[in-house]
């Protein structure tokens, strides 16, 4: 018998049904019972990782402690479980093929014809087991990206079929997420898409153990019986996943449906405890019953697709609940912003966040937003490029360096206050070559940053090529912009703050990536508090 149990989550009918949320919710319930759980995502695209994908294509690129550029679903896994993920938690078709082709070039297959079966499927199975073989986990949940029926997913499904055959029926389990749509004209829920989806999955040799049915309306007992009969599953294995007010309701909804009990029963696992979700319920209580409200302007260049800033919006939810304050984000395109319309676009704001990003498009609008926040004493938070915009704005409007810029935007600027890191100057490949992952940072005692964290040494995650140019540091500090977070090894500036401003913080790192339900990130918590205080002051 295997020491680790393996659960696979597949999806059908349509994408965006929420496989990641269902997987994370199940993992949370199992974790709350005392099991050690992790989740991995298999993405069926040919990119090695999503690091070079346009946010409009893929949404946010989530970065792990060990520097992996991954799918945004890993953010959900970390936020729900409160445990870090790694390179091994996100595998793409591109990585699988790259590994197999590299082995072939090295002669590892001894002249054999390299094929999808067995070579690609064997590599997929090896990656499924890597986390389980680490000895850290009782249960590994694997989410298979895409939909059943997609050509791209076929090798993964074949690998799952083989894996189940090899491991046996009590060490593996398949959950299939499907859609039960409501036809308004007929005034009824329809099961046919679910039946066809299960049929497609069965054609690959995989029969689901549990069906999770996404629906807008409750599933009547007769309909559950019909789904169970035609899809050949136990009636108590037809799980309703009704549309929720917030994704953070889903673990409680799945508990109500006894999803975790069904899983434990099928895997022959005795439950250690009833799920302890008290702290989760406290969080939900604060989230749903706020005592105040703040308006945050999120200034970015990808605001048409909020998923591009998924971790930021979730970090605001966590910080808002901590402050018992509803955070209303207004998405502001930086390309709209000019000096003569700032009051119109930003006058409502109790706080302004300038978002991370790359490239010149929308940069001047971000810089204008920084100036508006600085001059009007509005709480300000800049992340990555947002911090760099704060540095450029201060140089132009306070230090008098009118042509100050980043060498990313203007290689020939006379005042490169933001410069490419030395370690990046000879890098020619784009993918996976930035400064990625968790690095240490030392905070200046007596600074606002130190007060926010309550300690001197922190670790935060990064994704950048450019840095503050330390040649200008004395000029900045003389005029009141202080570098209060420094990397102890490279002296890279990680945090800047304004001395004479109620809340003005810029971070080169991405704090949103470490905010979880049970441990909201302190910068976001204090930023929301500052915005709340500012809002009260306006009344």
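Backbone N, Cα and C define each Cβ position, glycine as well.
Among the features that Swiss-Prot reports, region 'Amidoligase domain' is placed at 1-269.
As annotated by Swiss-Prot, UTP binding site applies to 15, 190, 191, 192, 193, 194, 195, 226. Under the DSSP three-state reduction, residue 193 (UTP binding site) is assigned to helix.
Here Swiss-Prot flags 15, 150, 151, 152, 190, 191, 192, 193, 194, 195, 226 as CTP binding site, drawing on sequence analysis. A simple way to gauge crowding: the CB of residue 151 (CTP binding site) has 8 other CB atoms within 10 angstroms, across all the protein chains here.
Packing around residue 20 (ATP binding site) is summarised by its Cβ count: 25 other Cβ atoms lie within 10 angstroms of its Cβ, all protein chains included. Per Swiss-Prot, ATP binding site is recorded for 16, 17, 18, 19, 20, 21, 73, and the stated evidence type is sequence analysis.
Among the features that Swiss-Prot reports, L-glutamine binding site is placed at 56, 357, 385, 386, 387, 388, 408, 465, with the record citing sequence analysis. According to DSSP, residue 388 (L-glutamine binding site) is assigned to a helical segment.
Per Swiss-Prot, Mg(2+) binding site is recorded for 73, 143, and the stated evidence type is sequence analysis. The Cβ of residue 73 (ATP binding site) has 26 neighbouring Cβ atoms from other residues within 10 Å, across all protein chains displayed. Under the DSSP three-state reduction, residue 73 (ATP binding site) is assigned to helix.
What Swiss-Prot lists as domain 'Glutamine amidotransferase type-1' is 295-537.
For 384, the entry in Swiss-Prot reads active site, nucleophile. All chains included, 21 other C-beta atoms sit within 10 angstroms of the C-beta of residue 384 (active site, nucleophile).
The active site annotation in Swiss-Prot covers 510 (among others). Sequence-distant neighbours of residue 510 (active site) (same chain, 6+ apart, CB under 8 A from its CB) are 63, 311, 356, 383, 384, 460, 461, 462, 463.
In the three-state DSSP reading, residue 512 (active site) counts as helix. According to Swiss-Prot, the feature active site maps to 512 (among others), an assignment based on sequence analysis.
Taking a C-beta cut-off of under 8 angstroms and a sequence separation of 6 or more, residue 195 (UTP binding site) has the following same-chain neighbours: 227, 230, 231.
Of the listed binding-site residues 19, 190, 226, 465, the Cβ environment within 10 Å is emptiest of other Cβ atoms at 190. Spanning the listed ATP site, residues 16, 17, 18, 19, 20, 21, 73 have a farthest Cα to Cα distance of 13 Å. The number of other CB atoms found within 10 A of the CB of residue 18 (ATP binding site), across every protein chain shown, is 20. Across the structure, residue 226 (UTP binding site) and residue 19 (ATP binding site) are spaced 23 Å apart at their Cα atoms. Cβ contacts within 10 Å of residue 386 (L-glutamine binding site), excluding its own Cβ and spanning all protein chains shown: 26.
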